[in-house]
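Participant: Dropping the structure in here first, questions after.
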């Protein structure tokens, strides 16, 4: 995934404005919009089981779309609401319970054949957790601290390291949820890339091997390309992309190695389960915001900012509606929801349709 995204990022940076690539990405954007809408429906059907969860999803959508509330604050608020709701005994926040239950009694792996013969030195301990923390925190934070120390906080590499480190900490709800936060910050706050380029990056990530979150590598690549300073632009872009990947994934390995051994003990913690349930509901609203954000930038050539009374949103200029894009989105939606075609097939159909429209 890293190599594929890096190669495509180079191609995009050099030839992105040519007719062929512009046409392919024009079609990919329509397909990606349909796929994101499908993700909203799929996750919502699983997460929104009662009126309270629907209310959390609606509140998170309103907060991020209309008022620009940052993704981490939405996640933290939902988690606290779920935790307090469970502690208060509210039925809407009750988790389904641990999946390791048998006859009302939880059975730990260590008490079954899975744990038989496990050497004492391999069991979880404070010393083991400390060693894991030191190793991964060093791999993660030492490079970040060095960048801030030697280059300063305003340098693009320091900003990339700092922002994507924060993103890795608040990565809840999968790539689509986090991408709303990335788009909000990378496009509007840092100005690393334009909305259309963010859409191109997501289309790129959808068509390559590896997790969808690899789109962050493209964001870091473009950010460093635009603010290369004294470095050759393509070298700076490559370093920016690799730095983004490093600070995105190393913290995730820390959470896996440090947290996984304790998951068994947390299975039956209803308060924590309720917190995660509320977070999942909030994520539905966040992904809906992502779908609407993508849709506005795919279908309209111009958006008008609306502010005042706490509002912070973009509203379409209706006269700039792109009818060709609307037709492609309609084709993609029919292919996804009616014909049940695979994502790869939909992406291919829309890419070549977009190319045909652009070259016609």
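Just so you know, glycine gets a Cβ as well, placed from its N, Cα and C.
Features from TrEMBL:
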TRANSMEM  20-41  transmembrane segment
TRANSMEM  53-86  transmembrane segment
TRANSMEM  128-151  transmembrane segment
TRANSMEM  163-183  transmembrane segment
TRANSMEM  234-258  transmembrane segment
TRANSMEM  270-295  transmembrane segment
TRANSMEM  315-334  transmembrane segment
TRANSMEM  341-359  transmembrane segment
Participant: Which listed range (128-151, 270-295, 315-334, 341-359) shows the maximal number of Cβ pairs under 8 Å with respect to the transmembrane segment (20-41)?
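Facilitator: Looking at each of 128-151, 270-295, 315-334, 341-359 in turn, the most contacts to the transmembrane segment (20-41) are made by 341-359.
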Participant: Using a Cβ cut-off of under 8 Å, list the residues of the same chain at least 6 residues beyond the transmembrane segment (315-334) that approach it.
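Facilitator: Distant contacts of the transmembrane segment (315-334): 26-27, 29-31, 33-35, 37, 295-296, 298-306, 346, 349-350, 353-354, 357.
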Participant: Would you kindly check 53-86, 128-151, 163-183, 270-295, 341-359 and say which stretch has the most C-beta pairs under 8 angstroms to the transmembrane segment (234-258)?
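Facilitator: Per the Cβ under 8 Å count, 128-151.
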